[in-house]
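To keep things clear, I will list the structure first and then write my remarks on it.
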Amino acid sequence: MPREWCLDDFELARPLGKGQFGRVYSMRERRTGFIVAMKVLLKSELLKANMEHQLRREIDIQSNLKHKHILRLDTFFHDETRVYLVLEYAPQGELYRQLKKVRTFPEWRASKYIYELATALAYLHRKHVIHRDIKPENLLLGCNGEIKISDFGWSVHAPSSRRNTMCGTLDYLPPEMVEGRSHSSHVDLWSLGVLCYEFLVGHPPFEAKDEAAEDTNDRESTFRRIAKVELTIPDHLSDDAKDLIRKLLQRNPDQRLALERVMLHPFITRHNGVGSSKNRS
Ligand code: AMP
């Protein structure tokens, strides 16, 4: 029978951060000394926000995934008041923070991240999972600075026509999702294009000028720009980078470059030595 875990099996190493529904700590497993990240969620908060179902789905999906660029969910347990998710520890933290520090990444670095994301998304899509919330805040970095996709709170099994309540930023959502149409795994290709742009330019391509898009006018303007694919790519980007971004940010989901072709695109192969044993996954 699988072993039942409890809080006493771990000791606190240090707090890592605070999310929407609870806190995250690094913890040491007492028996082995193994370091994990533990996300502690209050049941009362989950119930209040009606998130119980979403959390169950997140656990169900993430615990069945095993890929070097996807954050592993090792196990979970609960007591009367809390749910504890035992996650792989990502020592280099959020990619978002690193990007804010340097504003833009050089092309080799953006290319490495896009390649790692493409391998992880190809794995997810083969398992009929769509992430639907690929953005820098949901990307963590492992001990060698490698990408770890986290936060499967919005993920679903494909295909989906479920409407997104769109409470967060619109910036990474494709036209079919902001317009509330049915969507497929091709939504993640769009987000990959948005990320590639943001890595190289320093902000997402359809962001309203005044940012802090809480403002209704800003949301409307982002919405309109996404729906019309109003894309302007700065001249200083290489032709390869521009080409990849344009091929991913296609309004028609079926015309977006497939992940296998993303991995073979010159913007990726130029920097990643695809085909060498290091990059075979
Ligand atoms: P979240 O609740 O997922 O938004 O996480 C809150 C914060 O905790 C994030 O901003 C991260 O910096 C940190 N964090 C979450 N999960 C991990 C992890 N597996 N490894 C390292 N830091 C993490």
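Backbone N, Cα and C define each Cβ position, glycine as well.
Per TrEMBL, the features are:
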type	residues	note
ACT_SITE	Asp133	active site, proton acceptor
BINDING	Lys39, Glu88, Tyr89, Ala90, Glu137, Asn138, Asp151	ATP binding site
CROSSLNK	Lys135	SUMO2 cross-link
DOMAIN	10-268	domain 'Protein kinase'
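On the structure: features taken from TrEMBL.
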residue : record           : Cβ contacts under 8 Å, 6 or more apart
Lys39   : ATP binding site : Gly19, Gly22, Arg23, Val24, Tyr84, Leu85, Leu87
Glu88   : ATP binding site : Val36, Ala37, Leu71, Arg72, Leu73, Asp74, Lys148
Tyr89   : ATP binding site : Ser26, Ile35, Val36, Ala37
Ala90   : ATP binding site : Ala37, Leu71, Leu140, Leu141, Gly142, Lys148, Ser150
Lys135  : SUMO2 cross-link : Tyr96, Thr169, Asp171, Tyr172, Ser191, Val194, Leu195
Glu137  : ATP binding site : Glu94, Tyr96, Asp151
Asn138  : ATP binding site : Ile149, Ser150, Asp151
Fewest C-beta neighbours within 10 angstroms among the recorded positions Asp133, Asp151 belongs to Asp151
Result for ligand 1 contact check over recorded positions Asp133, Lys135, Glu137, Asn138 with Cβ cutoff under 6 A is none
Here the mean pLDDT of the domain 'Protein kinase' (10-268) is 91
Expressed in angstrom and rounded to a whole number, the ATP site built from Lys39, Glu88, Tyr89, Ala90, Glu137, Asn138, Asp151 spans a maximum Cα-Cα distance of 17
In three-state DSSP terms, Glu88 (ATP binding site) is classed as strand
Reading the DSSP string in three states, the entry for Asp151 (ATP binding site) is coil
